[in-house]
Amino acid sequence: MKVLVINAGSSSLKYQLMDPDTEEVFAKGLCERIGIDGRLTHKVPATDGKYEFEIAMPTHAEAIQAVLDALTSPEHGVIKSMDEIDAVGHRVVHGGEKFACSVKIDQAVMDALEECIPLAPLHNPANITGIRACQNVMPNVPMVGVFDTAFHQTMPAKSYIYALPYEYYENDKVRRYGFHGTSHKYVAGRAAAMLGCPIEELKIITCHLGNGSSVSAVDSGKSVDTSMGFTPLAGVPMGTRSGDLDAGILEYLMNKYGYDMKKMMNVLNKESGVLGISGVSSDFRDIETAAEQGNQRAALALEAFQYSVKKLVGAYAAAMGGVDAIVFTAGVGENDGNTRMAIASGLEFMGVKMDAQANNVRGKEAVISAADSKVKVLLIPTNEELMIARDTAEIVGK
Ligand code: AMP
């Protein structure tokens, strides 16, 4: 089966054509600068081919058409015609409380996605546009929506409720939703496979640490708590996002500097996190380099990030009454041994013992705790596209 996975952002669109059973990726790529001019990077793993094109993309429709043209091109294509695409799986950021699992997209689902726009005004419109663009050029191909929030819908009320007047939950759906669900679910499943233990018997803490970061408590395969909240701004400090803070700071800064809410949110989303603390960069590699050269704010940014993740590991172990495995994934989690070590060291009191040599690894599945560590620490590269393709194949196959 060939599944096209689409991840549409506001001005970009990532794609992968893959077989979810064999996990073979036939082609993948990225459309950028949609609505500005348009650039397509198309890769064919089997031949190591990389092709770049300037193609006018006034809207997502032209971007999707460019992707289909690339996939079927006689020179660098991987299929003869669009008919070989059996299904399309779309990443959707916010499914609200409506979607606790992936669903086949029909008009009712599209209506529900529209209803979720106020919950994710930056992301969901792009996802919806991507779906519509695909429907227009592939009207007969079944499509599935896979939600970043779905995996966390198993959280109990005590985890997702905010201590606000209850009406804001009842009337306005203000609650913790959590994000990166597809990634947390994937790595938790892989952790169980690596440990050779049914996921139903495991308590796992998954640390998705990238430009955006979140930590989840996964008990018996179900998300029971997660650090992102009503929006992906909450939790640990991120590349440019503040993570959790005292809401009183907003009033203080807005009054002092005459900021309106838009400006304030821009500070929290775009100017904060490790960029804000370090003043150097949002990229962890740049910050580490600066810290090594003696930049104290860069060092502080790393420390604050690591400390924040470490605290959540402790909190989620307490929440679950123990932990069997801690998983690191995403850009920082997969590549940055120093950060993994800083987070997982000092936790010997709760049975975590790292192996420095085993931790000296990047981007591949590995056990990085010592052989006698009661809690296993794992590095697992995430694969959200595979998860989306699998869900799509399963739902379309039903
Ligand atoms: P992601 O959002 O998952 O793509 O992760 C992006 C983040 O991963 C960026 O901040 C990168 O700096 C970080 N990253 C990638 N490789 C490394 C590395 N070798 N060491 C530290 N951070 C890295």
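Glycine is treated like the rest: Cβ placed from N, Cα and C.
Among the features that TrEMBL reports, active site, proton donor/acceptor is placed at Asp148. Summarising the annotation, TrEMBL assigns Mg(2+) binding site to Asn7, Glu384. The feature ATP binding site is assigned by TrEMBL to Lys14, His208, Leu209, Gly210, Asn211, Gly212, Asp283, Phe284, Arg285, Gly331, Val332, Gly333, Glu334, Asn335. Taken from TrEMBL, the feature substrate binding site applies to Arg91. As annotated by TrEMBL, site 'Transition state stabilizer' applies to His180, Arg241.
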Count of other CB atoms lying within 10 Å of the CB belonging to His180 (site 'Transition state stabilizer'): 30
Entries of Asn7, Asp148, Asn211, Arg241, Glu334, Glu384 (recorded positions) sitting next to ligand 1, with Cβ under 6 Å as the cut-off: Asn211
Which same-chain residues, if any, lie at least 6 apart from Arg241 (site 'Transition state stabilizer') yet have Cβ under 8 Å of it: Gly212, Pro232, Leu233, Leu268, Asn269, Ser272, Gly273
Sparsest-packed among the binding-site residues, when each Cβ's other Cβ atoms within 10 Å are tallied, from Lys14, Arg285: Arg285
Around the Cβ of Arg91 (substrate binding site), the count of other Cβ atoms that are within 10 Å: 22
Fewest other C-beta atoms within 10 angstroms, as judged across Asn7, Asn211, which are the binding-site residues: Asn211
Recorded positions (Asp148, Asp283, Glu334, Glu384), the one with most neighbouring Cβ atoms at 10 Å: Asp148
C-alpha spacing of His180 (site 'Transition state stabilizer') relative to Asp283 (ATP binding site), in angstrom: 19
Proximal residue to Leu209 (ATP binding site) among recorded positions Asn7, Arg91, Asp148, His180 (C-alpha distance): His180
Rounded inter-Cα distance in Å - Lys14 (ATP binding site), Asn7 (Mg(2+) binding site): 5
In three-state DSSP terms, the structure that Glu334 (ATP binding site) belongs to: helix
Other CB atoms, at most 10 A from the CB of Leu209 (ATP binding site): 26
Span of Lys14, His208, Leu209, Gly210, Asn211, Gly212, Asp283, Phe284, Arg285, Gly331, Val332, Gly333, Glu334, Asn335 around ATP - largest C-alpha separation, Å: 24
Val332 (ATP binding site): tally of other CB atoms within 10 A of its CB: 27
Between Asn7 (Mg(2+) binding site) and the residue listed as 'substrate binding site': CA-CA distance (Å): 5
